[in-house]
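Dumping what Swiss-Prot says about this protein:
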TRANSIT   1-19  transit peptide
REGION    69-97  region 'Disordered'
BINDING   Cys116, Cys121, Cys127, Ser362  [4Fe-4S] cluster 1 binding site
DOMAIN    132-351  domain 'Radical SAM core'
BINDING   Cys147, Cys151, Cys154  [4Fe-4S] cluster 2 binding site
Amino acid sequence: MHASTLTRCMRVAQNARCLSTAAASVQVTHSERGARLAALRERLAEETRQGPTFAEQALSLEDFAFEADAAPGTKPSRKPNASNRKPKWLKAQPTQGANYERLRKSVKSLGLSTVCEEAKCPNIGECWGGGKDGIATATIMLMGDTCTRGCSFCAVKTSRKPKPLDIEEPNKVAEAIAAWGLDYIVFTSVDRDDYEDLGAGHFAKTVSTLRAKLPEILIECLTPDFQGHDNLIDQVATSGLDVFAHNMETVERLQRRVRDYRANYKQSLHVLERAKVAAPHLVTKTSLMLGVGERNEDLFQTLRDLRNSGVDVVTFGQYLRPSTKHMPVKSYVTPEAFAEWQKVAEQMGFLYVASGPMVRSSYKAGEFFMKNLLKNRKTQVVA
């Protein structure tokens, strides 16, 4: 027998042994799966006999949401069709009206940035136009319009080295807000990891400048995580604000998929906890996006963690994809499901819960409640 023929025979025999081993492995795998399925069926049958759990009674997201992803192995279509078109309840007010135009021109003339514009908030027409109550609301975005982080859900511009901070911004902001005649204002900001203090000093100065100019105004601040540094969190928390907000964004399991690698679940919890330590009178607040792949058990655990951290206010909103470059929507959650989550959170002891497809962390849904809550707290502190 030629050497080449012998070599081929040996290869055939070796392949046969490999196939035999693989088949045995598959048989074992199938056997294990069968056992697991049998155990699962038995457990489900037992749970059915015992009745539904609290979580099942409270909410089943599968009953209230539909998937928005393309089929496995295919790209999501950019054209609207029956499978990827937004549901009818996701309708925003048009961006028009006298109040809207007045606020837009004022913001532009002063060279200010708003998260309403930069993050493409769907509520800009309602908030800037005044909505049903006729009160115009804007959220001022401090420290520029470019962030040093790149979260997969966010439409704000990113750069490793954004433009330097405008040292006159605190005064500009205070003058603008005084001219608008507001009694409740929300500040937020981009992340500025390019500064040694991560922008905490600039943020705190803006708050204290406004407080000195308008002592009675109520100030809510939606802050970055300041990389979890206590001294920086304390600096902002004690600068004169009334509401300290920092967004968890999503459940622990999905943090890396949704947020920049420098953000994380435990760090954000610590930020909210530390703000209370630095200023116990503060109302603390956070926001969660739904429709990014979260599960019921994930949300329940997140709510428990937030309550254990002393968080007072939570909001739920639907994630909407800013562009095809961003993270796709996993599911559109119905208004009924949002209402159920509001009930669950209220039963867990949160002071206020805003929950709905169009709700955002800076949305004005809670302003009237927050104003009354804060005024009552201030009265108690004085007393």
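Positions of Cβ are set from backbone N, Cα and C atoms, glycine also.
How buried are these features, and what lies next to them?
Other Cβ atoms within 10 Å of the Cβ of Cys154 ([4Fe-4S] cluster 2 binding site) number 21 in total over all chains.
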Among all chains shown, work out which of the binding-site residues Cys147, Cys151 has the most CB atoms within 10 A of its CB.
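Result of the Cβ crowding comparison: Cys147.
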Give the three-state DSSP assignment (helix, strand or coil) for Cys147 ([4Fe-4S] cluster 2 binding site).
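Once the DSSP labels are grouped into three classes, Cys147 ([4Fe-4S] cluster 2 binding site) ends up as strand.
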